[in-house]
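Worksheet: one structure, shown below.
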Amino acid sequence: MVDKIERIKELVEILNKYSYDYYVLDNPSVSDKDYDKKYDELKLLEKETGVVLPYSPTLRIGDIVLDGFNKYTHKGKLWSLDKAQSLDEIKDWHNRNIKFVNDMRAQGEDLPDLKYIATKKFDGLTVNLTYNEEGMLEVSATRGNGEIGENVTAQVKTIKSIPLKLQENHDLFEVHGEAIMTQEAFEKYNSSADSPLKNLRNGAAGALRNLNVKETARRDLSAFFYDVGYKEGYQFKTYLEMMDFIKEKGLPVDDYLKVCVSIEDIKNEIDYIEKIRFDLNYDIDGLVIAIDDIRTRELLGYTVKFPKWAIAYKFEAQEATTKLVDVEWNVGRSGRIGPTAILEPVELAGVTVKRATLNNMDDIKRKGVRIGADVFIRRSNDVIPEIMGTLENTLENSEEIFPPTECPACGSHVVLNGAHYFCENTLSCKPQLVKTIVHYASRDAMNIAGFSEKTAEQLFEKLNIKSISDLYKLKKEDLINLEKFGDKKAENLLNAVEGSKECKLYSFIYALGIPNVGVKTAKDIVNKFKSIDGLKNATFEELVSVQDVGDIVAQDIIEFFKEEKVISTIDELLSLGVNPIFDEVKIVESIFKDKTVVATGTLQNYSRTEIKTKLESLGAKVSGSVSKKTDYVIAGESAGSKLTKAEELGVEVISEEEFEKMLGRES
């Protein structure tokens, strides 16, 4: 029995370390298989012995339903923040701070020059965690009225990035943070939820106030911590010192934390965060600006509601409510008929929104969307916002939305395949054929210069072009009769079509429009199979062995090449002179092999395409965004937010000259 308890302690310590590496450091130190093996061993030992340590990772699964919430009195008050919605309001606050510091100095106080710390204002639910002298998570509570909150310890324990026991601790302390739901967790939850969540904030708040803790665990929340509200023993001298303390304790802290010493600095940070806010995987609604020096904070004090030493700059809302006027059904390249919401115009994040995404009929039903009702809309980084839900008190006199019974473009029969409706008329449905031809001619595909959707529509309507192979049968005398086509434009288009015959194999594969096969996947499968015939005859097992090709993509490829129409089109293209060439990339041994590299800014000796090709020839994985998993950022002139993010994350940044020197050392 004693040996089993010792093993339980050992496994708990090991598994908590693995969780810290994965969820806080974003640096997994063990495979999922090895983690699961140890986790299963721990569960078995706990069942056999009846011993479950209060910081065991098995407590995170939430196998309990509570009767209600108990009240908890915070040791340190959780204050609200005063809000500013313009830079002028920030300036007024800053000027008051300058005057105060000068007045205090005149009275003999030795205060440092003003220094502010800027952090993101997370849009979730505030939580207050209490760790005791032994480092155990004793209580977790909501903010409540700032003095008394609700005990949500069981719910907070489901957040995997929050340590249940600190590695080392001597003083009892309370730490404030924000429980949030990431976009990824939100989408995963909504994909199978009976009642989909309307937004990320409600997802987090609802999870922590759910008495069924298993439901909380399903939401897969995250958290960031940013303030120590109460601490026994040593007291901090600066906010930066406080943040270092939080980080050292193993609590998750956001990477963004900027020192500002002037209004110009603050403005730059506001501009930067507004620029990247829609690229984030979670919601923020502003920027918090706080004085760094704790003594200055103490002297400034508080109003009835707010600390005088901090202010929150609020961004324009990402969400709004408006009326759904109608639903429009549109046909895509694959024949899929998708719904688009037509809205009463509404201002959202500085943009007038008139349309929004509705994914399919299942999405419409789950969200309870009806014509004439008011809907929540959310704008992220997409051009078109998405409908998140419906205001239930506006459903009276609203109309049900019905799926299409025929193709809205050609009137043909429609079929339901999975969650989506499709037009079966692949031979003459205008939107399908026009979009197929436009995709085939696009830059990343066959790169037929000067080819537009307007041109494709004219070719379909006036010249009866119904297949991508028909492009290679065009004649000048046909083209010059089209609107805005003269001799020169006709010749240029014919030359571009002719020039496209000599193409790279991956471009040709991408141009064919295989479902779920983008440029990168096309390159990956071409490097594996090296020819059209090789790909046509590939087995499911061979396809899923290619990096980033999963079961769905593999099945899509197999089904695509089963179509007689596809095979006959490919054969006709080849007979018309299209000659896809496979250029085998020879990977040279390099320091960049298997490294993730991002290039940003203007490079002197490489275009975007050239640096990408060069890096791929060195065996690098080229990414378009910077994360903790990025190994190098090559920064050229006028490098912007990617460079800033790399510096924040501690990613190695090299210049173009340094990049070439690194290559030179290897040759």
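Cβ coordinates come from backbone N, Cα and C, glycine included.
These come from Swiss-Prot:
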type     : residues                                                                : note
BINDING  : ASP32, LYS33, ASP34, TYR35, ASP36, SER80, LEU81, ARG143, GLU178, LYS314 : NAD(+) binding site
ACT_SITE : LYS121                                                                  : active site, N6-AMP-lysine intermediate
BINDING  : CYS407, CYS410, CYS423, CYS429                                          : Zn(2+) binding site
DOMAIN   : 587-667                                                                 : domain 'BRCT'
Whole-Å Cα distance, ASP34 (NAD(+) binding site) to the residue listed as 'active site, N6-AMP-lysine intermediate', is 37
Model confidence over the domain 'BRCT' (587-667), as mean pLDDT, sits at 83
Cβ neighbour count (10 Å, all chains) around ASP34 (NAD(+) binding site) is 11
Comparing local Cβ density (other Cβ atoms within 10 Å) for the binding-site residues CYS407, CYS410 points to CYS407
Integer Å value for the Cα distance linking LYS121 (active site, N6-AMP-lysine intermediate) with GLU178 (NAD(+) binding site) is 9
Rounded Cα distance in angstrom between GLU178 (NAD(+) binding site) and CYS423 (Zn(2+) binding site) is 47
Expressed in Å to no decimal places, the gap between the Cα atoms of CYS429 (Zn(2+) binding site) and ASP36 (NAD(+) binding site) is 51
Apart from the site residues CYS407, CYS410, CYS423, CYS429, the 8 Å Cβ neighbourhood of the Zn(2+) centroid comprises VAL331, GLY335, GLU406, PRO408, ALA409, GLY411, SER412, VAL414, GLU424, ASN425, LYS430, PRO431, GLN432
Minimal Cβ count within 10 Å, across the binding-site residues ASP36, GLU178, points to ASP36
Checking the binding-site residues LEU81, CYS423, CYS429 for other Cβ atoms within 10 Å of each Cβ, the smallest tally belongs to LEU81
What DSSP gives for the residue listed as 'active site, N6-AMP-lysine intermediate', in three states, is strand
